[in-house]
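What TrEMBL says about this one:
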type	residues	note
DOMAIN	2-375	domain 'Amino acid transporter transmembrane'
TRANSMEM	20-43	transmembrane segment
TRANSMEM	73-95	transmembrane segment
TRANSMEM	115-132	transmembrane segment
TRANSMEM	144-166	transmembrane segment
TRANSMEM	178-198	transmembrane segment
TRANSMEM	210-233	transmembrane segment
TRANSMEM	253-281	transmembrane segment
TRANSMEM	293-313	transmembrane segment
TRANSMEM	319-339	transmembrane segment
TRANSMEM	359-379	transmembrane segment
Amino acid sequence: LQGIFVLGLPYALLHSGYSGLFLIVLAAVLCCYTGKILIACLYEENEDGQLIRARDTYEDIANACCKKLSPRLGGIIVSVTQVMELIMTCILYLVVSGNLLSHSFSYVPVTEKTWSVIAFVTLLPCAFIKTLKIVSKLSQLCSFVHFIIIFVVMTYCLTQIHQWSWAKFRLSLEFEEFLVSMGVIIFSYTSQIFLPTLEGNMKNPGEFRCMLNWTHFFAGVLKTTFALTAFLTWGEETREVVTDNLPSFLQTLVNLCLLTKALLSYPLPFFAATEIVYVCISRVNCSNYSSPLLALCVRSSFLLLTLLMAMFIPHFALLMGLTGSVTGAAMTFLLPSLFHLKLKWKKLSVFEKCADISVFILGFLCSIAGIICSIKGLLKVYG
């Protein structure tokens, strides 16, 4: 919930003003709610009225909802959506890596796309990652670097407190820019694809709801504080990646830390995406499933795909807004509320039904509007 995409939140506030602060809080509340109802879909009552875990994954929930149409249709849809979101996350890490290198070494006559290729070369060993053990160690280092970055940025912002002015906030907003900002904010909270596995591995799953409440509360507080302090410091000059606003003596140091974090973050979504593909291959009984050569080809193809996409869409905030509007909204709002209504309809109160329907409608409208505006923004950039 506190990944590298937090760096796009001050830029989102630039285009959403006071409503952006409200959106950060609202997104935390809604994401916490949909996380709870998603986990509720994993359980069913037995003959004694006790709740038992009848399903294990997001795909299992989807298959249970679509079993009358096709036993595996729901799982396929969810798997495709998950892979899209994970791959788009990998692409974003490459885009931001190129951006960071370009600003850190602006005196070198190299384009941002070329820097992305250089960053990509350092990620080639990901094609040989076979277990989660290596990924977990890299993610641990990534978390440590993240706290250093946030501490440095916040400390600098606080030293500029004498320049802060609430007059920098606006009430009149561009509707399309606001919707792109909404996609950025939604994407910074997406975690639903990991929740079933997380809850299943907790020592005491009964504490899951409490854990979800506290983590989203603190995430909302930290995001709001960071976005607000950064925006009050730079105002209209706030850039897509807020660290670009830092003075040169700090920018290079922080950007190199961010580059390290981005490269260390890449293996987790990359590994998760390839694992989903492997599971799908195994289900169709592919005879070459266990072939090391096939595994290497799949990973290499995914690596190449992320590089090509990073080359064609080198705009961090717009790409993040598009991803949040497409896969983020689907996995975070649309599918959890739809599945909850489908599986628990007879046991839900009127209030719960209304809440689920409201979340679904809101997610659908936000998704459609965000997709249109993000694509228009990208077309405008290239036009």
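Using N, Cα and C of the backbone, Cβ positions are placed for all residues, glycine too.
Residues 3-4, 7, 76, 79, 82-83, 86-87, 89-90, 93-94, 96-97, 100-101, 103-104, 119, 122-123, 126, 129, 132, 134-135, 138-139, 141-142, 145-146, 148-149, 152-153, 241, 243, 246, 289, 295, 298-299, 302-303, 306 of the same chain lie 6 or more positions beyond the ends of the transmembrane segment (253-281) yet place their CB under 8 Å from a CB of it. Sequence-distant contacts of the transmembrane segment (73-95), counting only residues of its own chain at least 6 positions beyond either end whose CB sits under 8 Å from a CB of the stretch, comprise 4-5, 58-67, 116, 119-120, 123, 190, 193, 262-263, 265-266, 269-270, 272-273, 276-277, 279-280, 302, 305-307, 309-310, 313-316, 319-320, 323, 326-328, 330-331, 335. Residues 87-88, 90-91, 94-95, 98, 113, 116-117, 120, 123-124, 126-130, 270, 273-274, 277-278, 319, 378 of the same chain lie 6+ residues outside the transmembrane segment (293-313) yet bring a C-beta within less than 8 angstroms of a C-beta in it.
Residues 1-2, 6, 9-10, 12-14, 20-21, 24-25, 27-29, 31-32, 35-36, 150, 153-154, 156-158, 160, 163-166, 168-169, 188-189, 202, 242, 245 of the same chain lie 6 or more positions beyond the ends of the transmembrane segment (210-233) yet place their CB under 8 Å from a CB of it. When Cβ-Cβ distances under 8 Å to the transmembrane segment (20-43) are tallied for each of 115-132, 144-166, 178-198, the top count falls to 178-198.
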